[in-house]
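For reference, the structure discussed in these notes is given below.
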Amino acid sequence: MKLEFSIYRYNPDVDNAPRMQDYTLEGEEGRDMMLLDALIQLKEKDPSLSFRRSCREGVCGSDGLNMNGKNGLACITPISALTQPGKKIVIRPLPGLPVIRDLVVDMGQFYAQYEKIKPYLLNNGQNPPAREHLQMPEQREKLDGLYECILCACCSTSCPSFWWNPDKFIGPAGLLAAYRFLIDSRDTETDSRLEGMSDAFSVFRCHSIMNCVSVCPKGLNPTRAIGHIKSMLLQRSA
C-alpha cells in the first residue's frame, strides 16, 4: 500500500520561504501504524526532515502537529485516520507559533502564557498542617479533567484568539490549569489569581469556539473551565 505525504519544509539557514515537499512510503497491507512511525521511516530516507518526538505513547506532548488541517499528536494518530482516497496526507507544524525548522515550532510564547497563571500551589501558610494539606475525596475529585494536560499546545495553537493575541490571551491550556488551582482546596490565593486575570484579554478573549475541545488528545474540556473562570470573575466584580 503506497502512502503519499505532503510535508511542510522550512530551513531558515537555506530557504527563503517555506515549501511543501512530497514523500511516498510503502505501508504494509492490512497493518496500520501511527503517523510518528511513518515520519521516523521518512526521516531514515531523508535525514534533513525535522520534527519533535519523545515518549511515543501520547504522554509527553512533544510531537504535536497539524495533520490534514487538525492538530493532534503524531504518536497516537493512526495513518488509517488520515488516509483519504486520491489525497495526500498533509502535515504541517502547529499553527500560530514561529517555525524553527520544518515541523519544529518555538514554544516560547505558549510557555510564557502558561507561566502567567503561576501553575503551582500557593498557600499563605497561616494554618500549617501537622504533616500535609489534606483533601477530602470530593475535593480531590473536582480536579479530575483539569490536571491531566500534557502541554502539547494542540489546543492553544488551534485557537483563533491565541493566534490574534498570543501575548495577551492566556490560551486554553493555561486557563485549564488556572481553573485547576482556583478550585484546589489547598490553595489560598484565589483572589490574587483572579486579579491577575481580570483584564479584558487574559480570559474574556475566549469566544467558546471550542476548537480546543475538538483537538485535545487527552479528551479535556478547556472551554468549560474557561466558562467557570468567567463566572468567578463576574461574581467577583459584582
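The backbone N, Cα and C atoms fix where each Cβ goes, and this holds for glycine too.
Not measured: the values here are computed from a predicted model.
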* For the [3Fe-4S] cluster site, Swiss-Prot lists CYS159, CYS212; sort out which one of CYS152, CYS206 goes with them. => CYS206
* So which binding-site residues out of CYS55, CYS60, CYS206, CYS212 end up within 10 angstroms of CYS155 ([4Fe-4S] cluster binding site), measuring C-alpha to C-alpha? -> CYS212
* Structure fact -> Neighbours of CYS152 ([4Fe-4S] cluster binding site) among binding-site residues CYS60, CYS159, CYS206, CYS212 (C-alpha cutoff 10 angstroms), in sequence order, are CYS60
* Structure fact -> In this structure, the one of the binding-site residues CYS55, CYS149 whose CB has the fewest other CB atoms within 10 Å is CYS55
* Cα-nearest neighbour of TRP164 (ubiquinone binding site) within the listed binding-site residues, CYS55, CYS212, CYS216 -> CYS212
* Of CYS152, CYS155, CYS159, CYS216 (the binding-site residues), the residue whose Cβ has the fewest other Cβ atoms within 10 Å -> CYS216
